[in-house]
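Per TrEMBL, the features are as follows:
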| type | residues | note |
| --- | --- | --- |
| TRANSMEM | 12-30 | transmembrane segment |
| TRANSMEM | 42-58 | transmembrane segment |
| TRANSMEM | 88-110 | transmembrane segment |
| TRANSMEM | 122-143 | transmembrane segment |
| TRANSMEM | 176-199 | transmembrane segment |
| TRANSMEM | 205-222 | transmembrane segment |
| TRANSMEM | 229-249 | transmembrane segment |
| TRANSMEM | 261-283 | transmembrane segment |
């Protein structure tokens, strides 16, 4: 994209398309193994349930270490169903040591189950995993040390920060049950009650569900929780739900099962509706990314300075801004944290992107609305999205050239 002299944002589109293609290809590999082991009907329901879910497909293209690990975990699931158990363990080891150390919480119960059921030999598994670990650590230390310009094993630092120091809670906490009462119901939708039913209907399912369920339970012990941390569990839950859906479909003409079939169709329609709402909310959920576009357009070169320094606060950095959105010289960007609002006037920032309406020494130039809440109403459509000011662009009052430009202005906030 750079060689073609296209805007930097096009590189983001390219990256996300490639990443999405990789993740979906690994999901396809898992789907094929489901078809070989459980039949084409279970495979079909696995595809339907996955397609009806917003969060899984939304995360598939996001350049996060969790998603890079997710692709390898999908391969591991495929090898697990195929019976290539050592290949499955090696994929898990690579994902754990290179991309997300917390995959240890998944490989541990899976490895223990395989050992207890005598599916693998302890010494052969140990040898295979140690070889994969040596390769993984050597590769990540070599590549990341060059990139970061210091001797570094990133996932060791992440493990130390999150688990040993337990400092992940600085980013917010949720109760122990949050994954089971909020994150998984929202992401699985119709598959959530169906996967529980699938465990009861087919005893083979329990063998596959137990390690993944243990993974979510173990992860629930950490105070800081996000859906992306357990995104790797969703394909297995969808598989269990697909088994249940297939059984309900096959027995739909029987008296009792007929009601279950109607309920299942209702759940799927509900999933489709929820996904539509999630999509609309997500579209409006990245206001700071939208804020950069008018800032670059209106707030260009000034008479007072050669460089334009933009400070991006934590809220803005988490809601739509990435390095791909940044422009070239004379724009400069800072994400420095722990600056008190009253200290900004003593810093040499040209603009601020901030969640606060008023900052001393700066004038609010414009605001960008974002998703606030869902409102239920009488009429069609019965649901509407309520938006409100989320991100404010502030200009340094010492730079009169900026202040006197034609900015949209900010709303009056009591």
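Heads up, the Cβ atoms here are built off N, Cα and C, so glycines get one too.
Here the transmembrane segment (122-143) sits against the transmembrane segment (88-110); at least 3 CB pairs are under 8 Å, leaving out pairs fewer than 6 apart in sequence. Relative to the transmembrane segment (205-222), the listed stretch 176-199 leads the set 12-30, 42-58, 176-199, 261-283 in CB pairs under 8 A. Sequence-distant contacts of the transmembrane segment (261-283) (same chain, at least 6 residues past either end, Cβ-Cβ under 8 Å): 48-49, 52-55, 58, 186, 189-191, 193-194, 245, 248-249, 251-252, 371, 374, 383, 385.
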